[in-house]
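Database features (Swiss-Prot):
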| type | residues | note |
| --- | --- | --- |
| SIGNAL | 1-19 | signal peptide |
| DISULFID | Cys49-Cys63 | disulfide bond |
| DISULFID | Cys56-Cys67 | disulfide bond |
| DISULFID | Cys62-Cys72 | disulfide bond |
Amino acid sequence: MEKLTILLLVAAVLMSIQALNQEQHQRAKINLLSKRKAPAERWWRWGGCLLWFGRCTKDSECCSDSCDRTYCELARFPEGW
């Protein structure tokens with residue numbers, strides 16, 4: 001009877017350790033994923049400025065230096081357009 005009790009205690013400890021390791025691994029995975037930028041965001045941002053059709057609010061955010069208050073334009077249009 002004593003051997004069975006010890007065996008059950010050892011099994012419970014091993015299962016607890018396994019569950020703890022899995023939980024820590026999941027947390028590490030979540031932290032890693034939360035630090036990454038979305039692929040679309042990485043693609044649209046280049047050298048600190050937004051490429052064509054990146055979301056913007058002012059000209060200086062765009063590589064083309066031309067924001068139409070919503071998206072970056074491919075190039076700045078001449079005055080009067």
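Positions of Cβ are set from backbone N, Cα and C atoms, glycine also.
These figures come from a predicted structure and were not determined experimentally.
Swiss-Prot feature annotations superimposed on the structure.
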residue	record	Cβ within 10 Å
Cys49	disulfide bond	16
Cys56	disulfide bond	20
Cys62	disulfide bond	23
Cys63	disulfide bond	17
Cys67	disulfide bond	20
Cys72	disulfide bond	22
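Secondary structure from DSSP puts Cys49 (disulfide bond) in a beta strand. Under the DSSP three-state reduction, Cys62 (disulfide bond) is assigned to strand.
Cα separation, Cys72 (disulfide bond) to Cys63 (disulfide bond), rounded: 8 Å. Of the recorded residues, Cys49 (disulfide bond) and Cys62 (disulfide bond) place their C-alpha atoms 5 Å from one another. Cα spacing between Cys63 (disulfide bond) and Cys56 (disulfide bond): 11 Å, rounded to the nearest whole number.
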